[in-house]
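Undergrad: Here's a structure for you.
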């Protein structure tokens, strides 16, 4: 089976924060899991380097768009690598290949009569002498009344036309823009209404999408799909490849989602592979993103793929709700955020991955608090998992000269461990990463109870053979837990591999024992509880500057 996984493309206009990681981490868990199962996996993403957000940042910093995009693309790649993300290709939308393929796709849709031109009213800033891209316009959302950008409301997730905003202002100069006429290409979304309704019903019946994706997509389809502009008068982006329109750019929402396909082509060309191995009706596809990206993955991208007759359509939609910070909405403009390139310097990547998974905003908003993060690390990763491994292996190292006993106990504890592979695997495949990790740590608690109940320290005096069997059983548990946790917290898994000089890279139950331990080391260090107040204070101070 081939597995395609697409992670949402962050805008290269500012650093990544913990909210980005919470939404994107399920993609890496899926990729690692399926690779361990032996499936063919293609996991792609990239930096969104076109469109308005980068232009706004460039204007503010008096830099070129390329300088801004280059800086953040490099930072993104390094940050994802430090967090253990295993993209097969992390690309960017300003690459020549992306531009070339998007223009080809645009022409294919034009030739198929899915694109047509239309004269429209668009906002123009007389002070800055330019048509305003949607994100250059701010005002009140006409649906819910909250402050919004011109392209989409963060509060109600509505896709907007900036002309409909109330109290419109140019985000560059804060002046009120005027309405002028311009001509653009439109995509015939209305022709795909019935197809998308069938597509949605199938996803709902088979429970392949999260509820927020089902409900939001239902709302859009119930309201009826309007045709939408696919070109804009933008300062940067991909030029429209048709005479008379070459000064216009292909709208970012169209070309950014096409990045999943262009990155796949790029990967295939680099490795001399066949793109159709992953773009066919037998491939299982996952799209991993935040709640605000739902319509782009459940309506826009499926409609474009259908027009191009490219398969598969997005099958699994792993759409996270929002992550708050200390019970307040993350705000990059107010610096109320924990930046990934900062937290990764101070804390173990596995600690970050663990907390953002066990506390994931899968079905409802979740909160990141420094207290919970540090207590979670100390009590679960260190206190439960790390302690079980350390006390078992230190016992073997001290009393058996690191020689691992050869005979283990068959019983309920190992039967449950074998069954756990199926339980966790099914949960991961259906996108329930939080519950999968909870199941593993529930088992870890039972493993600690097994150790305490069997009392190997007492058996060493009264029944040395039984003591060896208990320790060997615990080693089997450690090996399988290390392997099963690899998709979630891979860096600790590597430490376990090093201690046993073995590989933990399949999704099959391990029953063979290694002969000898290498140097035993702690998987995790305790975090001083004083860090809680220090981190909260730093957050408050930086956000008030």
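Using the three backbone atoms N, Cα and C, a Cβ is placed for every residue, glycine included.
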Undergrad: From the ranges 319-323, 324-328, 329-333, pick the one that Swiss-Prot records as motif ''KMSKS' region'.
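TA: Spelled out, Swiss-Prot records motif ''KMSKS' region' over residues 329-333, not the other listed ranges.
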Undergrad: Among 10-20, 21-31, indicate the range for which Swiss-Prot gives the feature motif ''HIGH' region'.
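TA: Spelled out, Swiss-Prot records motif ''HIGH' region' over residues 10-20, not the other listed ranges.
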Undergrad: With DSSP helix as H/G/I and strand as E/B, how many residues of the motif ''HIGH' region' (10-20) fall in helix, strand and coil?
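TA: Once the DSSP states are binned, the motif ''HIGH' region' (10-20) shows 3 helix, 2 strand, 6 coil.
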Undergrad: When you measure from the Cβ of residue 141 (Zn(2+) binding site), how many other Cβ atoms are you left with inside 10 Å?
TA: 20
Undergrad: In Å, rounded, how far does the Cα of residue 141 (Zn(2+) binding site) sit from the Cα of residue 332 (ATP binding site)?
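TA: Answer for this pair: 20 Å between alpha carbons.
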Undergrad: Taking the centroid of the Cβ atoms of 141, 144, 153, 156 (Zn(2+) site), which other same-chain residues have Cβ within 8 Å of it?
TA: 142, 143, 145, 146, 148, 154, 155, 157, 158, 160
Undergrad: Considering only the binding-site residues 144, 153, 156, which residue has the minimal Cα-Cα separation from residue 332 (ATP binding site)?
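TA: So, spelling it out, the nearest of the binding-site residues is 153.
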Undergrad: For each of 144, 153, 156, count the other CB atoms within 10 A of its CB; which of these binding-site residues has the top count?
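TA: When each Cβ's neighbours within 10 Å are tallied, 153 leads.
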